[in-house]
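First up is the structure itself, then whatever we jot down about it.
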Amino acid sequence: MGYRDGIDYTGILLLDKPKGVSSNCILQQIKKIFFAKKVGYTGSLDPLATGMLPILFGHATKFSKYLTNSVKKYHVIAKLGEITTTGDLAGEVLETRAVCININYLIKILKNFIGVIYQVPPMFSAIKYHGIPLYKYARLGITIPRDKRKLIIYQLKFIKFIDCFLEFTVVCSKGTYIRSLVYDIGRNLHCGAHVIFLRRLRVGPYYSSQLVKLSDLYQIKKMDIQQEYKFCLFNILNTFLLPISSVFLKYPLIK
C-alpha cells in the first residue's frame, strides 16, 4: 500500500450527500479525506438533492453499472402552482397558476403514473448532445429536442398535501428524472409544479439506514495523519466501506 500516489481502498461508501453541492464536488472531498488512489461515484444527484450517493473505491468502480441500472427510491416535496426553468427551486418562475385541487382527484392522478411511463428528460440534465451536456445548452437559452424514454414507476406513495405542497415517495427504474416526473404531475393537474425537496432513500440493495454523513468523515480526518498514523486512519475509514459482494444482494420485494 503506497502512500505517495494514494491509498488503495476497495469497497462502497453510501454517503449522505448534503444539500447545495454537486456530486462531483463531494467526490473530490471524499478523495481528499480518504487519500484514495482510485474513486468514483454512480447516480449523480442535483445540488438541491440530498441522500444516498454511492462512492466506489478501487475495484468497486468496475461494478458501477449494476448500481446505475438498479431501482431507486426518493422522498419528494413539490410545490404546485409554479413552473420553473429548471423544474426545481434553482430556476426562475416561468408561470404561476391557481391551485384548486380535490385531494381524491390528486391521489387518482398520482396512481396514473404507476407502471410504465414515457418521460422527456429535462434540459437541465447531464445528458450529452454532440458531446456537450444539455444543461450547458439550456444556460444559453438553447432547447435541444429530446426523445421520450421508457421508464417504470414501481411505487408512488402519497404522504400529504397541505396548501400548495405535495409530499410523496417514489420507487422507480434507472434514468428517472424526478424533476420531469413532478413537472408531468403538475401538467396533469393543470396547475404546474416544481421540486422543492428531494432526498434519495435507496439505491438497489442499499437503504438510508446505511448512510454515512460527510461531517462524520471529517471528524475522523481531524486525527493526526502524519505518516506513521496513516495506516491507523486507513483502518478506521475502511470500516465505513461495504464489500463489492453487497452489490449483488437479492433485492427485497417492493411493498
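Every residue gets a Cβ built from N, Cα and C, even glycine.
Keep in mind it's a predicted model, so treat the numbers as computed, not measured.
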#### Entry: Binding-site annotation, TrEMBL, substrate: partner of TYR177, LEU198 in TYR41, TYR66, TYR74, TYR105
TYR74
### Message
Measuring Cα to Cα, how many Å separate TYR74 (substrate binding site) from ASP46 (active site, nucleophile)?
### Response
13
### Task
Give me the Cα-Cα distance between TYR177 (substrate binding site) and ASP46 (active site, nucleophile), rounded to a whole Å.
10
### Query
How long is the line from the C-alpha of ASP46 (active site, nucleophile) to the C-alpha of LEU198 (substrate binding site), rounded to the nearest angstrom?
9
### Query
CB neighbours of TYR74 (substrate binding site) within 10 A?
23
#### Entry: Close in space, distant in sequence - LEU198 (substrate binding site), Cβ under 8 Å, 6 or more apart
LEU45, ASP46, LEU48, ALA49, THR50, GLY51, TYR74, HIS75, VAL76, ILE77, ASP88, ILE178
